[in-house]
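Remarks on the structure that follows.
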Amino acid sequence: ERSYQCNYCDKKFTESGQMRRHERRHTGEKPYQCNYCHKKFAQASSLKSHERTHTGEKPYQCNYCHKKFAQATSLKCHERTHTGEKPHQCSYCKRMFAESGQMRVHERTHTGEKPYQCNYCKKMFAESGQMRRHERRHTGEKPYQCSYCEETFAQSGSLKKHERTHTGEKSYQCKYCDKKFTLAASLKRHERIHRGEKPYQCNYCDKNFAQSGQMRSHERTHTGEKPYQCNYCDKNFAQSRQMRSHERTHTGEKPYKCSYCEKMFAESRQLNIHERTHTGEKPYQCKYCDKKCAHAASLK
C-alpha cells in the first residue's frame with residue numbers, strides 16, 4: 001500500500017490529500033477565504049463551518065430536544081448534557097469531562113501550563129477566553145450591549161447581571177428563607193449568614209468573615225492601604241463605597257429616595273435614619289432601662 005510522507009516531518013498518510021492538508025500546519029498556508037469577510041482557512045471544512053456564523057445556518061439538530069447547531073461538534077457536546085456522557089478523563093486524576101477542551105483546561109490546573117500570552121503585556125493565561133477578556137482591559141472593547149438600553153460591557157457575565165436590573169429577574173432562591181437573588185454569588189454570600197459560615201480569615205489577626213470582600217476591607221485597617229482615589233480630588237479611601245459616598249459631595253447626586261415622601265439622600269444610611277421619622281421605628285434600646293431611640297446617638 002502506497003504511503004505519502006510529509007515533507008516537513010516524519011508523519012505518513014495513506015492519501016495525498018491528507019498529506020497536503022497536514023502540510024499546511026507547517027507552511028501556514030490558508031487557501032480558503034470566506035465569501036463574507038476576509039478571514040482565511042487552511043481547511044475547506046473550517047471555512048464551511050465559519051461561513052455559518054454569517055448565514056445563521058444550523059443544520060445539526062439535537063436528538064433529545066429541538067435545539068439546532070451550526071457545527072456537528074457543538075451538537076455532540078450538547079447531547080452529552082442529555083445523556084450525561086463524560087468520555088474524557090484527566091491524565092492526572094479521575095475526573096471526567098464531557099468535552100476534550102474542558103479536560104485540557106482542567107489538566108492545566110495540574111501542570112500549571114499557561115500557553116496564552118496577552119498581546120499587550122506579558123501576562124500568561126491557562127485559557128484563551130481568559131486572555132481575550134483580559135485584553136479588553138487594554139483595548140477598552142465592550143462587545144456586549146444591553147437589550148434594554150445603550151450600555152455596553154466587556155464581559156458577557158456583566159451584561160447578564162446588568163440586564164436583570166431591567167427584568168427584575170431573581171432566579172436564585174435561598175434554601176433557608178424566601179429571599180431571592182439576581183446573582184448566584186449573592187445567594188452564596190447570603191446563605192453563609194444562615195449557616196454562620198465565615199471561611200475568610202484575616203492574614204493579620206484571627207478575625208473571620210463571611211465574604212472575601214469584607215476580609216479585604218478589614219485587612220486595610222491593618223495595612224493602612226487606601227486604593228480608591230476620588231475622581232474629583234486627591235483624597236483616597238480604603239473602601240470603594242466610601243469613595244462613592246464622598247464623590248457625591250462633588251456631584252451633588254442623591255440616589256436614595258424616601259418611600260414615604262419626596263426627600264432624596266446621598267447615602268442609604270441617611271435615608272434609613274430619615275424614614276424612621278415616618279415609621280416611628282426605634283431600633284436602639286437603652287441597656288439600663290426600657291427606653292428606645294430612633295438613633296444610636298440618642299442613647300448616649
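Quick reminder: no glycine exception, Cβ is built from N, Cα and C everywhere.
Because the structure is a prediction, the values reported are computed rather than measured.
According to TrEMBL, the features are:
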- 4-31: domain 'C2H2-type' (DOMAIN)
- 32-59: domain 'C2H2-type' (DOMAIN)
- 60-87: domain 'C2H2-type' (DOMAIN)
- 88-115: domain 'C2H2-type' (DOMAIN)
- 116-143: domain 'C2H2-type' (DOMAIN)
- 144-171: domain 'C2H2-type' (DOMAIN)
- 172-199: domain 'C2H2-type' (DOMAIN)
- 200-227: domain 'C2H2-type' (DOMAIN)
- 228-255: domain 'C2H2-type' (DOMAIN)
- 256-283: domain 'C2H2-type' (DOMAIN)
Worksheet entry | Tally of residues which DSSP labels helix, strand or coil - the domain 'C2H2-type' (172-199) | 12 helix, 4 strand, 12 coil
Worksheet item: Which numbers of helix, strand and coil residues does DSSP report for the domain 'C2H2-type' (144-171)?
Response: 12 helix, 4 strand, 12 coil
